[in-house]
């Protein structure tokens, strides 16, 4: 009987495979670091204060800050007083992008944060728990001389969190509050060339709308979008990796179906992991270049969630199926305690994402964090997911500890074997430990590169070479997990080579039909493994 490929592979061949995968891993990092630009670009926008002198402020007219049909504008709020311009007559206008530039579908998404410049006035201070209410209209067009088409119109409330560091005295009037930035807008596609934002701050003293919010001098926006060059590199990687993982997945399942036994749990989970990786890799983002698919961000979150849930489940089942004790765990029900937190945590994060990006499909200005109830609800989902994640890692660490402890304990039986047979078993145990350490190394590398990308400036310079650290993080880690899944399906595919055929004169001292594989879950037609029989006998004694 043959075991998995990793059990029949010599150390030399295993090192060759590892070396090839390492080369591809280095290439993945270099593609992002040397070829791709930074993942995102941030652009600052200063709103232009336009004057709407009409009595009825309807949305039939769009106020453009510059160009041939630019609005009647004022430089600052003080200019409005002698011209008898009221607060309700002022429209803060922002044109996206800046002059002489165009947006592109390659930018994939637009995220905007808002910064209010609020001056201190003794007779108009910011009250406690103040809320600014904005009437926001968003329009688009694809030609510089075409008419604007409305895309969204919403009332956007945001709570102010401002502090004034100087004493509140007359001589400090005119100084600005220090206010937190506010989430403003998120769009999941950039299907048009030009966008226009018209922001009003309507004042209604009877209804206490925009009362006690200080004197707002200016509105600033920071727009963040994905770089087109990075998008092309990212799409190219997904296009290359999709057939690679799909082909190895088909090959893996074909070898399993050729066996005389049904697939065991570990093999099914590895196959499911390959499916989830393929689901992430399929480059459906290519269609976003020609179609206005605003749901792509949400769809991407769902795909990643499915993959991470499968990856976490695989680690638990991988450890459990190599526990080497008297318990049989060839059923997913045997892991309900460990897999349960994964399911609950994933569900909580899915609900949170639907409450945020799901609502943004119809209202790009929505944020669950802008209200007390929304914030409490979001924090509840995140805390529950965090608790589930902690429980999962406690279970995982405990199972990894048990596996290594059991392996160390069972090694006491090895000296009684013949030399060749003992060396073979020691090799199997070494390869299992090696794969466990590779898993930990992949997880550690993900965390390390994430931290490095957050604390660095985004790029390093060595002489005339610039390395984009953030891009290298995205492409390198993405390539790493693809290689990880590829290696799992290749190394853990059933081998069609029998040990008896590979070793002359029965050097291993094993009877015909006796298994020498490490996987401990095959208890069907082919019988249990040699290590499983050995360790189970000791456990029963």
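Even glycines carry a Cβ here, placed using N, Cα and C.
Topology check against Swiss-Prot: residue 257 and residue 467 carry distinct topological domain names and occupy opposite sides of the membrane. Range 472-492 is the one annotated as transmembrane segment, of 199-219, 409-429, 472-492 (source: Swiss-Prot). Sequence-distant residue pairs (6 or more apart) of the transmembrane segment (16-36) and the transmembrane segment (304-324) include fewer than 3 whose Cβ atoms are under 8 Å, leaving the two stretches without contact. Relative to the transmembrane segment (472-492), the listed stretch 432-452 leads the set 269-289, 304-324, 332-352, 381-401, 432-452 in CB pairs under 8 A.
Here the topological domain 'Lumenal' (290-303) has, by DSSP, the following mix of helix, strand and coil residues: 8 helix, 0 strand, 6 coil. When each of 233-253, 269-289, 304-324, 332-352, 432-452 is checked for Cβ pairs under 8 Å to the transmembrane segment (381-401), 332-352 comes out on top. Within the model, the topological domain 'Lumenal' (353-380) shows a mean pLDDT value of 90, rounded to a whole number.
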